[in-house]
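**Q** Quick one: this structure, given as structure tokens, is what I'll be asking you about.
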Amino acid sequence: MDWQGQKLAEQLMQILLLAFAVVAFATGYISGSFQMMVLIYAGGVVLTTLVTVPNWPFFNRHPLKWLDPSEADKHPKPQEAVSAKKKPAKK
Amino acid sequence: MHSFGYRANALVTFAVTILALMCAMASISDNFNHPSPSAHVEVLNINWFQKQSKGNDEVSMQLNISADLQSLFTWNTKQVFVFVAAEYGTPKNSLNQISLWDGIIPSREHAKFWIHTSNKYHFIDQGSNLRGKEFNLTLHWHVMPKTGKMFADKIVMTGYRLPEEYR
């Protein structure tokens, strides 16, 4: 997933779960059936899992542009600073 | 949301939190129910009335218990536990409460009932104070929810009296 995809996945997850919760509670309360509420919500959780958890292609519409390997060789990696203190050479 | 596991964890946590909130709301919705139950208990017959060898009085009676507890049921009700208790005072105890019968009502359809039975549990006094005793019969109920708070209440019926002599 790219960064945009991650954000989309999180928002989708929250909105879908909340929406299913509201629908489930309303349906259960109006029809007087607790079981209806639980079933609708459970179905909603499964659906949300299928939509937001796997790495679907539509989450990768803004892919990161990784540097080409041949291009990377032209720009050497910065060296780590060498320690100033040198070990005294043994005579 | 960096990986499959991360997203799965976030989803499960959020889903369970929302479920807890829904259950709390369901329990709160029970407060909007204003029940109007009715009940009547009749003592049909005193089967026997003896003093036990230990010195305590015991009485067995036929009861006719009828009630309409349908209005207690809401969408969030699992079952209603109902019991009938006898209440009276003695010199030793200012209040005695003895459960004579109980039952479980599993659904609204079963909540309007009558039952003709002898007392399910022994009516034994701590002492021998029951001759000529005036007592109340109370019908208690506990509305047990599917989730959340349990409501309990009762109806008190007065005017019952035990015989003057053993039989």
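Note that Cβ sites are derived from N, Cα and C of the backbone, with glycine treated the same way.
From TrEMBL, here are the annotated features:
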type	residues	note
REGION	A:69-91	region 'Disordered'
TRANSMEM	A:12-32	transmembrane segment
TRANSMEM	A:38-59	transmembrane segment
**Q** Any residues 6+ beyond the ends of the transmembrane segment (A:38-59) with a Cβ under 8 Å from its own?
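**A** For the transmembrane segment (A:38-59), the sequence-distant neighbours (Cβ-Cβ under 8 Å, at least 6 residues beyond its ends) are 1-2, 5-6, 8-10, 12-13, 16-17, 19-21, 23-24, 27-28.
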**Q** In the same chain, which residue numbers or ranges, 6 or more beyond the ends of the transmembrane segment (A:12-32), come under 8 angstroms Cβ to Cβ?
**A** 38, 40-41, 43-45, 47-48, 51-52
